[in-house]
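These come from TrEMBL:
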| type | residues | note |
| --- | --- | --- |
| ACT_SITE | Lys106 | active site, proton donor |
| BINDING | Lys70, Lys94, Ser350 | substrate binding site |
| BINDING | Thr190, Asn221 | NAD(+) binding site |
| SITE | Asp146 | site 'Important for catalysis' |
Amino acid sequence: MSEEANPFESLQEQIDDAAAYLDVDDDILERLKHPERVLELNLSVDMDDGSRRRFEAFRSQFNGDRGPYKGGIRYHPNVSRDEVKALSGWMVYKCAVVDIPYGGGKGGIVIDPKEHSAAELERVTRSFAKELRPLIGEDRDIPAPDVNTGQREMNWIKDTYEKLEHTTAPGVVTGKAISSGGSEGRVEATGRSTMLTAREAFDYLDKEIEGATVAVQGYGNAGSVAARLLEDIGADVVAVSDSSGAVYDESGLDAVAVKEFKRDTGSVTGYEDAAEELSNEELLTLDVDLLIPAALENAIDGDLAEDVRADVVVEAANGPLTPDADDVLTERDVYVLPDILANAGGVTVSYFEWVQNRQRFYWTEERVNDELERVITEAFDTLTDAYESHDLPNFRTAAYVVALQRVVDAYTDNGNWP
Ligand code: GLU
C-alpha cells in the first residue's frame, strides 16, 4: 500500500486538473482551492458517569459564492481538519455540478458514536450546535447528515438553534425527520442518485444495466439503497461489504435481505444465503461490471487500482479514489463516475427540503423523486457534453470543468470583492 493520500491535497489536485482546460486567473484559482474559514472547537461534554470529556470538532466553510454554505456533519474517530476541509470543498463543486444554489461546507466531530449512549450523543450534538449558532442559519450555512449522523442529530441541531434564537427555522438543517420538516425521499436520495448515475452511464457507454453484476463496498445508507434500486432496474448485486468484511454470491444476493440481516446483527458477514465471504480488498477487485465504493475516502489507491477488474466505477462515497487511482483507472480505460455527481442526490434533496421549509409547503415523494431524476440526468448530460467538447481524459475532470466554471462565473459576476 502506498502512503495514505491527504484528501485536501486530492481535492486541490482535482481542481488543478480541471483548471488546465479552462481560462482561470491564478489568483482566483488559489482562492477556490482553500476554505474561506475553518472553525476549530473543543467541546466539553458531561458523560453519563459524571466525568467530563473533550471532543475536537470542526466546521469548514469552503466557498459561498453560489449561495449559503451547505454540507453534512460527520461523527468518526478519524475526522481531521484536512478531511473536513476536503469534504467541504467537494461540497462546493458537487452543488455546482448539479447547479443548485449553494456553496459548500462540512463539519465533523472526532468521536466514535458506538462508544456513547444516546444521551451523551445528544449532549455532544447540542454543544456543537450551540457553538455553531452564530455561523449557521437558513441563509448562511446549512448542516446535514453525513457518516454516522442522521435525522436524530439533525433534529437536535434544529431544536437547539430554534430554542436559542427564539424562532422557528426548520431550514437551518436538512435531513430532518418528516415530523420536524424533513422531506420525503431524503433518506434514499444518495443511493438514488448513485443508481441514476450508473443507469445513465451504462446507457451512454452502450452497456446493459439489466443483468450487470454489481459489487458494493460499504453497506450503510448510500450503499444499501443504491444496491436495492439497482436490483429494481435489473442489475445483479453479487457482493456487498462493511467494516466486518464482504459477502459474495455469483448468482446474486438479495439486497434487502442482506440489509435486514445487517440491521439485526450489526454486520453483513455471517449472512447465511451468501456462497462466500471475502475481504474488502477482494470485493474491490472482483470481476464485475459495476463497482460502487460507498464507504470512506481512499478506499482505492494507485496499487489497488491496478487490480480493479470492474468496467465502471460509480462513487457513492466522497473521495473513495486517490488521485493515483484515478490516473491508473483512466490509463486502463475503466470509467469512473465521480462522487460529486453520483452522490449528489443527498444534497439535491436537501435543497428540495430547504425549499419546502422556506415555503412551508410540502411535496409528495413522487415529486421529489421526479425532480431528483431531472437534476441528475441534466447534470449527467452537461458532464458528458463537456467530456466530449473539451476532449477530457475522464468524467471526473469533466465534472470539475463544469463545476469550476460555474463557481468562477459566480465569483467574477459578483464583482470579485475579496
Ligand atoms: N453529506 C452529504 C454529502 O456529502 C449530504 C450533504 C447535504 O445534504 O447537505 O453530500
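Including glycine, each Cβ sits where the backbone N, Cα and C put it.
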Consider each pair of residues in Lys70, Lys94, Ser350, all listed by the record as binding substrate, and report the largest Cα separation in Å as a whole number.
13
Would you list, in sequence order, the residues of this chain other than Lys70, Lys94, Ser350 that have their CB within 8 A of the centroid of the site's CB atoms, where the site is the one recorded for substrate?
Gly71, Met91, Cys95, Ile100, Tyr102, Gly104, Ala144, Ala344, Gly346, Val347, Thr348, Tyr351
The residue listed as 'active site, proton donor' and Asp146 (site 'Important for catalysis'), distance between Cα atoms, whole Å:
9
Quick check: of the recorded positions listed here (Lys70, Lys94, Lys106, Ser350), which one has the Cα closest to that of Thr190 (NAD(+) binding site)?
Ser350
